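Annotated features in TrEMBL:
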DOMAIN    140-280  domain 'Nrap protein'
DOMAIN    284-443  domain 'Nrap protein'
DOMAIN    450-604  domain 'Nrap protein'
DOMAIN    618-837  domain 'Nrap protein'
DOMAIN    839-921  domain 'Nrap protein'
DOMAIN    973-1106  domain 'Nrap protein'
Amino acid sequence: MTEVEFEITNRHGREEPLTGHELRDIKDAADLYQSSSFKLQIDELLPNVRPKESGRQQLDHFLFALHTHCISIPSIAPLNPLAAAKVLAKQGVAVPFAFPLPSRDAKWKVAFEPPREICVVGSWGNGITVKKKSGSRFGVDLSVEMPEALFQEKDYLDGRFFHKKSYYLAVLAQSISTAFEVDTFYSSALGDPRLTTLVLSPRNGSTSHDFSKSHAEVHVIPVLSSSSPLLLSRLFPSHSNVRMPSSSSPPSFPTPIYNNAILLSTYAKEALTSTHELKNALPAFHDAYTLLRVWANQRGYGDGELCVRGFEGKGSFWAGLLRYLILGEELVSTKSGNAKSRKPLGKGLSSYQLFKAALDFLAKQKFGETPVFTKTTIGHRCPPEEYITHHPAVFVDATSTINFLSDVPLTSLDLLSHDAKETLEQLSNPGTSSDTFASCFLQSRFKLSSRFDAVIRVDLSQASRNQSTSALVEHGSSDAALLASISATLRRGLGNRTQAIAILQPVTSCRPISSAESPSTSTVHIGLIYDPTHAFRLVDHGPSAENQDSDVAKEFRHLWGSRAELRRFKDGRITESVVWEVTTSDERAHIPVSIVRHLLQLHFGISTKYARTLQTPFDSLLRLPDDVRRLHRATGGYKAALTAFDGVVRNLKALDEQLPLALLNVTPISEYLRYTSTFAPLPIPASASTELPKPLRFLPTIPIILEFEKSSRWPDDLKAIQKIKLAFFEIIAQSLMTSNPGLKVSVAIGDSSNPFQGCAALEIFTAEGWSFSAFIWHDREATLLDRIVDPSKMFVGPSDHQYNAREQREAKAAQELYTRRFIHAPRHHHAIANLCHKYSAYSGTVRLVKRWLAAHWLLQTHISEEAIEIICALPFVGGKQKSTESAATVPHSKERGFSLVLEFLTDWEWDKPLCLLLYEDDTPATAPEVWTSNGPDAVAIRRLRAFAKEASKALRNAETEVDIKSLFLHSTDDYDIVIQLNPAVLPRYYQNVNAESSVWTRDSPLGTAESTLRPGFDPLPLFLADLQSTFADTLKFFADPFGGDRIGAIWLPDLGVPRSFRALAGFSSEPSSKEDETKDKKLVVLNRQAVLDDVGRLGTGLVQKIIVCERM
């Protein structure tokens, strides 16, 4: 019972009516939150991300002592900036001067006077601070107001204000570091020295000023007073306030980011008061702000492992966003008239409604096109046109002075919009995630491989830093200017190929106060989220040939360099264009990454060696070795297999006059015909089969189902039905070979001893080298099998023939095979084929996951391929068939899909059903148990989760060097027995992850030639099936079906204990030692050596050796 329900029950007992607040809570839990548990989870989250009361007294004591000390620091007379810095340097304190650096002949001076006012500002001052993602300390912003006497009217020029501010901060650092037992550091958000603050952290072992229990650190921020002589009008975006060192005349370029950085020094106190007023006027503001900050921190829009470029130190933006939604938008007058302003949401919303409203605004707002001006009380201080003209993105605060997004690239805002859209989809459709609350607020999104369709790790140490002086002035540092240029270039080059481009960098670390410069950024990660409609197009079109001399044409050629060329297209157009040549579908999937690499090398000198991606290693795992493809003359692939299937269907349909019944349908049920086989199908023509070594001669058979028209002439006996099927096969085989001389058709009869089970198939071998295996579906079989399994279902009197228990077991096995092959397999094939056509990355995801499971010896042996195909559908359909490929939650690359599946397997509880809507004629239901009836069991599940956890952990930090192939290498340390097979007799050995080419080299004595080709023959699964049936009560086996040359086995745990002897015990035994025997019974133990000898005899000619592992 929830707290709300408990209170309501108590009120009902006192016959008191429900209050309006209680009624609203009940309605919100049912409608707004869509779940009462979701609301309770939010209520539980909020107090756990806020600072505790313990330790506040120690922090307040330190702040009071710091205030007393700072106002008593003695004044320092005016000095030349370099001379003043030299004095501090002798005391071990550096002055973090900004660019352009002061000169020796500067006519202005720096000085120090005690601060006029010191106060706690920011989120701590308003009591709305939120725990950081990285678990680091809470930030307590302490504004120190610099006296106006230190400044002159023109200190906005040439960085003079920043130099005076830096010196003021350095003096504070020197004085505080000597007077208090605290650790002092400099911190520059975004690596910009103009935004440097002084960080005070509690020192271990300190006795006088230990505030570590508060889990906080103090950030000292020098600010301007409201009465400073600097003119606000001179800091509008269009003004140029930096004169180039090479010229005494004013420069011609405006400095909007530089100007905005000065204005930030006037904003702290105004932000404090306005947020305080809003918090008091709207009770839901605090909780809404907390939810928004938690959501943002989990996605890198703040402090954490990695930070989205531009959002470091942007805490005021989130409060400003809520203020804008609550107060509304200021009317903007343009040349075309007054633009429509956004209406305020008002003050009656709950915190969750306000949070969702913020996400809705972020998801729909196009910051690069539409400026945002928060409603003000005094109107615009600066003409809006200046912001719109000189800033790519505009979000002006309520004071009409600060643009929150002045130094935030549009690529980061595109990612913010995409993340908001993704979260809204999850909140609107709870079925898209197993735990909506966790995915929104708890799960970290710093695993780049599951967040982005492609991730490029870029080493900036190799970049050519030839930025202009104006760029350095604007952005404050070489790194910032470089990243800004990279962001703009990639956004222009990729265009509509991507929904979002993210540049993620490590959060700027603190540095000692003896270091003036912030550490440079050596590595960044570029994440791409594809737009599947345009991401993989082959041609980028530019201006037409008639506009060769236009500025647009020149910009196009400058952007693409030598790749830009004039081309004539089929429709007669002649345009500037860039063509991306590809030969395979894998290469086409790499086009966006190829564009990024080309632009980085062309404009920034970063070669492809220093722009690495994980895509290429993954591709090699799904591709056959080059020498194998050279030996196979035929060209395969899914399209070729489907073409061959269509040809077989036409040939079969043409036999209607020669068959006693008309052929209605030919249904495919093979992974090779639905794009989900690990390796693309490869035919082997009969003429080439003898030239291939045995380890390269595996030819898969493609199963299909033949459905004939209904007829009453079918017998009512299961054994007779199988005979009729054989007759059909014989007629079809003769007719096909007569009408199509290139086909080879034969009737294959399996070795099944089950008389009720159809063991015959029609094998069709085409001239191109494709092999098909056809089965006949007769629906009457299901009824007859059901009657044998359960005689009570007979509608007539009991049959004269009474079926014994063995026959019922055989009928049950035949019924399971019939249901799996003729009922579920066609529906499954149709559903999976539709997913492959609907989602471009689904096929590759399934293939990678199958390859990974096979490499860890679980596929087919313990987990069916159909079950994996269903599991891999989860990131795409998310429990809702309505999702489209353009949905924000859907991956658009196989690498991202693979990573998402690994995350799911790591946490999924196998004992709970997985509900997916895959079949169009079904409501959401659990996956058919037919695909999991034979596994996985508890042992396989534990192994799978352990493998998935390790693989997911290896991919979690993309900044580390990851050897992708190592994720697919399997250790044998956990096995009791390893059976080494002879690779020379394994026709699929070339598919092994660690295949050695010497095994199939032509002149190798291991390779032998045979005159006949045996489609579908693979001794490994046959040998494994014999082992499993023979030693089912003794060993559990594991193997890689794709060319594996080893079989792992573990002893069943219950066989380690001596037990009483009995006949038909199920395992080979031997007398136990006398110490284990009881007085009246003889005990036996497992005879392990006898089992190993039997395994060796059973695998004669296939087994090379058996290794017994001693596990610790």
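Yeah, the Cβs are placed from backbone N, Cα and C, and that goes for glycine too.
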At least three Cβ pairs under 8 Å linking the domain 'Nrap protein' (284-443) and the domain 'Nrap protein' (839-921), pairs spaced 6 or more in sequence? yes
Across 140-280, 450-604, 973-1106, the most C-beta pairs under 8 Å with the domain 'Nrap protein' (839-921) come from 450-604
Under 8 Å for C-beta pairs, could you tell me which stretch among 140-280, 450-604, 973-1106 has the largest tally with the domain 'Nrap protein' (618-837)? 973-1106
Based on DSSP, tally up the residues of the domain 'Nrap protein' (973-1106) by helix, strand and coil. 39 helix, 29 strand, 66 coil
Over the domain 'Nrap protein' (618-837), what is the model's mean pLDDT? 88
For the domain 'Nrap protein' (839-921), residues assigned helix / strand / coil by DSSP: 40 helix, 4 strand, 39 coil
Secondary structure content, the domain 'Nrap protein' (140-280) (per DSSP, counts of residues): 63 helix, 30 strand, 48 coil
